[in-house]
Amino acid sequence: MTESTGKVNLLGLTQPQLESFFESIGEKRFRAGQVMKWIHHFGVDDFDAMSNIGKALRDKLKASAEIRGPEVVSQDISSDGTRKWVVRVASGSCVETVYIPQGGRGTLCVSSQAGCALDCSFCSTGKQGFNSDLTAAEVIGQVWIANKSFGTIPAKIDRAITNVVMMGMGEPLLNFDNVVAAMNIMMDDLGYGISKRKVTLSTSGVAPMIDKLGEVIDVSLALSLHAPNDPLRNQLVPINKKYPLAVVLDSCRRYISRLGEKRVLTIEYTLLKDVNDQPEHAQQMIALLKDFPCKINLIPFNPFPHSGYERPSNNSIRRFQDLLHKAGHNVTVRTTRGEDIDAACGQLVGQVMDRTRRSERYIAVRQLNAEAEASQNATNRN
Ligand code: SAH
Ligand code: SF4
């Protein structure tokens, strides 16, 4: 458990929030800009390093505030250049952050929650249950840590991180305020200056929150579709029972049309062998997404222990892609990166202190199923 100091953590404050903080301690609002640059452009966590701030104010800040990122537990670098950090958050759980360099781009995949309550059937994060929402400082803190590790300071001049995707652990729309604050810092010139097109929030489809998001921000949006019909999606993405396809796609359409300027929805579709990878699924998807402004990203399933799913063959993946492509869709297949350090999509497990006890139940149910299967096989043999 990370100890609480009772001080205000300035790391997670947006510019307006930091201005209010300075006002609340009887100081001028412009100090916010100075301090944000020190924190985010220069990676500073020590008030004494802020050379354009006088000693009296630095002492005042030291008494009431701090700049504290999550604790880095480990950092791994894959043979393909992918990096993974495990960081400990205040609740005591650990979450993961992944950096993926590709061509001239560097994409940081950021976590929003320790674990996830939504329990998608093929996701290892979901299988661990839920522990806690990350604070805004813990969300932006992942960008802060990654950026510092490249030594590319100031961040805005020599950028290692060009894109951020909220596709790490957790459902970002269920930690709305903290995720929105952190994304605002990512886009702010006083923060990381990343363009709104290059910050992407991925959701499993919490429809009302997609509409709420559209009221406050204009980042890019990705929907984790994974199935082209409600019965199958109910099995794979249980939140679909609450917000079925028609409802969630309506919210996405509203969100995208607000953005204008030729922006499109990214559809993520994890391909699971013999489950959602058949030509009939591609055909249903084509019908479902007819006239929808979108691009499709196919993610071959990344296995994890006891998942019960398999990755389709390269031929089936290609066949699925071709069908969508022939119907006029822009379709990419996500290449798996960082497998040697378990950094691929859906492999992020951190170390979640599960409050829901789902992981225990999951293992117990898997064991029962395996035993039932073994006894069935034995009966069949006799
Ligand atoms: N909770 C959000 C964002 C995090 S998951 C969401 O669901 O959209 C990021 C993406 O990885 C999602 O599309 C998710 O469905 C996918 N994913 C999860 N487990 C996976 C696995 N084992 N293999 C491949 N993709 C997976
Ligand atoms: Fe949660 Fe996303 Fe995993 Fe579903 S896929 S369990 S929403 S993290």
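Cβ from N, Cα, C; glycine included.
Among the features that TrEMBL reports, active site, proton acceptor is placed at E96. According to DSSP, E96 (active site, proton acceptor) is assigned to a strand segment.
Annotated domain 'Radical SAM core' per TrEMBL: 102-340, in sequence order.
DSSP assigns C116 ([4Fe-4S] cluster binding site) to coil in the three-state reduction, outside any helix or strand. Per TrEMBL, [4Fe-4S] cluster binding site is recorded for C116, C120, C123.
Around the Cβ of G170 (S-adenosyl-L-methionine binding site), 31 further Cβ atoms fall within 10 Å across all displayed protein chains. Taken from TrEMBL, the feature S-adenosyl-L-methionine binding site covers G170, E171, S202, S224, L225, H226, N302.
Feature annotation from TrEMBL assigns active site, S-methylcysteine intermediate to C345.
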Query raised in the report: Considering only the binding-site residues G170, S202, S224, which fall within 10 Å of C116 ([4Fe-4S] cluster binding site) when distances are taken between Cα atoms?
Result: G170
Query raised in the report: Which recorded positions, if any, among E96, C120, C123, S202, H226, N302 have a Cβ under 6 Å from ligand 2, given in order along the chain?
Result: C120, C123
Query raised in the report: Once near-sequence residues are set aside, which residues in the chain of H226 (S-adenosyl-L-methionine binding site), 6 or more away, have Cβ atoms under 8 Å from its Cβ?
Result: C120, F122, R233, L236, V237, E268, Y269, T270, N276
Report task. Measure from each Cβ of the recorded positions E96, E171, L225 to the atoms of ligand 1 and list the residues where some distance is under 6 Å. Result -> E171
**Report entry** N302 (S-adenosyl-L-methionine binding site) versus E96 (active site, proton acceptor) - Cα distance in angstrom
**Finding:** 16
**Report entry** Euclidean distance between Cα atoms of C123 ([4Fe-4S] cluster binding site) and S224 (S-adenosyl-L-methionine binding site), Å
**Finding:** 12
